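A.B. asks: Take this structure, written in structure tokens, and hold onto it; I'll ask about it next.
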């Protein structure tokens with residue numbers, strides 16, 4: 001159970017957590033904004049945990065090994081294309097945000113050593129020299145250690161952000177304050193907080209990405225020792241509680257340091273002369289490079305599920321798809337600069353459907369069928 005819990009936290013907590021501070025800044029610029037933001041993140045974490053559990057429960061009931069298979073058995077085979085489309089668009093958005101983050105990270109790292117690398121050169125160089133060879137690998141087994149590095153990077157970054165939030169280095173007169181560009185300087189107390197404005201939904205969308213690991217729910221269930229819905233419920237509770245706590249803490253540390261100046265990726269706010277920030281950028285950059293091929297592979301597989309209808313692609317088709325998809329993502333990364341926007345857009349479009357729409361539909365369809373077949377008695381309350 002311990003290893004499964006760690007893996008679940010690892011699956012949930014990724015670079016998306018670095019965008020949450022800007023989600024708070026979208027509706028407030030006073031420290032008190034952290035309170036409703038934390039309540040919102042906690043509530044959405046609870047809903048995400050429940051829908052994750054429902055997916056595992058449905059896979060157990062239908063003896064399915066994937067969310068697509070469970071959907072086909074509970075809702076209908078004729079609409080499984082919707083799941084395949086979601087499986088394609090979700091990693092597409094993730095890969096795009098990764099490309100933008102990598103550009104920002106290595107631009108900042110180059111600036112630290114006194115070389116100002118242009119953004120287009122950073123993106124094109126990373127895509128052609130690093131990402132394309134990795135995404136073309138036939139086996140990704142050798143990249144597995146990078147997933148551990150990703151968790152280490154997040155934990156180190158959380159500790160660093162806490163130290164800067166409470167240490168005062170970025171406050172007026174602090175050691176790092178004078179090294180920031182005006183747009184990155186901490187800003188508080190100009191507009192207050194207003195949860196009723198539409199921009200507060202940005203954090204809701206970002207949360208959908210921060211908690212999104214629902215495609216993996218069938219794997220987590222089936223890989224449990226002596227799998228049962230009771231054990232899966234315990235796994236879900238522990239994994240999402242830890243994920244919510246870490247997300248809320250990192251969101252708070254970033255916002256309490258920079259306020260309304262919080263960038264779409266909070267690491268962009270920290271000075272290029274800050275050694276701690278440099279270490280965090282390097283760790284996150286390496287972790288994202290190692291994670292990128294896994295995300296890309298999932299996107300490519302979903303593409304062929306949609307276009308090949310179950311037939312395996314030839315090596316030439318796979319190679320062509322890799323080149324075309326990476327070229328498209330690179331082109332979008334050159335045009336778009338705000339990874340936080342991509343995270344929130346992807347969460348609003350796909351994350352919300354995967355978390356809040358697909359699991360309830362499967363559960364309701366399955367329950368309705370059981371009632372019609374007489375295997376479940378219709379009552380006012382259904383025990384989960």
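Note that Cβ sites are derived from N, Cα and C of the backbone, with glycine treated the same way.
TrEMBL annotations: computationally assigned, not manually curated.
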A.B. asks: Quick test of your reading of TrEMBL: among 119-137, 176-194, 195-213, where does it put transmembrane segment?
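C.D. replies: Based on what TrEMBL states, transmembrane segment spans 195-213.
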A.B. asks: May I ask you to indicate which of 275-299, 300-324 is given in TrEMBL as transmembrane segment?
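C.D. replies: Per TrEMBL, the stretch marked transmembrane segment is 275-299.
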A.B. asks: Which residues of the same chain, at least 6 past either end of the transmembrane segment (342-364), have a Cβ under 8 Å from a Cβ in it?
C.D. replies: 16, 19, 23, 47-48, 51-52, 54-55, 57-58, 67, 70-71, 74-75, 82-83, 86, 89-90, 93-94, 96-97, 100, 201-202, 204-212, 214-215, 264, 336
A.B. asks: Near the transmembrane segment (275-299), which residues from the same chain, at least 6 beyond its ends, have a CB less than 8 A from one of its CBs?
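C.D. replies: Residues 14-15, 18, 87-88, 91-92, 94-95, 98, 101-102, 105-106, 108-109, 112, 130-131, 134-135, 137, 140, 143, 145-147, 149-150, 152-154, 156-157, 160, 163-164, 215, 267, 322, 325-326 contact the transmembrane segment (275-299) from elsewhere in the chain.
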A.B. asks: Same chain, outside the transmembrane segment (148-166) by at least 6, Cβ under 8 Å from its Cβ: which residues?
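C.D. replies: Sequence-distant neighbours of the transmembrane segment (148-166): 6, 9-10, 13-14, 17-18, 176, 246, 249-250, 252-254, 256-257, 266-267, 270, 274, 276-277, 279-280, 283-284, 286-288, 290-291.
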A.B. asks: Restricting to the same chain and to residues at least six past its boundaries, which positions have a Cβ under 8 Å from a Cβ of the transmembrane segment (195-213)?
C.D. replies: 8, 11-13, 16-17, 19-20, 22-24, 26-28, 36-37, 40-41, 44-45, 48-49, 52, 90, 94, 240, 243-244, 247, 340, 343-348, 351-352, 354-356
